[in-house]
Amino acid sequence: GPLAVAINAAYMQTYIGGVSCPYICSRRLNHGVLLVGYGSAGYAPIRLKEKPYWVIKNSWGENWGENGYYKICRGRNICGVDSMVSTVAAVHTTSQ
């Protein structure tokens, strides 16, 4: 399921689409989002291969980003996205 993550949202404010890799983004966390998926797409000229990314669902509505979603580079803790991750685990108990 989705993971709750914290991120630095400075570069999210101007995002309109594609895979965002703001390497100069601070890792100071200031916004909560949901990590809902991952993938790889596009051409990364530096490495001559596809760019892996996380798919983030934001709370700013469907008119922001790609219908309310954000793709950010995966694997380098860009904007602190890998720093604070939370999930919920269900515990099933039996009653006697």
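A Cβ is built for glycine as well, from the same backbone N, Cα and C atoms used for every other residue.
Feature annotations, courtesy of Swiss-Prot:
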ACT_SITE  His31  active site
ACT_SITE  Asn58  active site
DISULFID  Cys25-Cys79  disulfide bond
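Annotated features taken from Swiss-Prot, shown on the structure.
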residue : record         : Cβ within 10 Å
Cys25   : disulfide bond : 21
His31   : active site    : 18
Asn58   : active site    : 20
Cys79   : disulfide bond : 29
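Asn58 (active site) and His31 (active site) have their C-alpha atoms 9 Å apart, to the nearest angstrom. In three-state terms derived from DSSP, Cys79 (disulfide bond) belongs to a helical segment.
Secondary structure from DSSP puts His31 (active site) in a beta strand.
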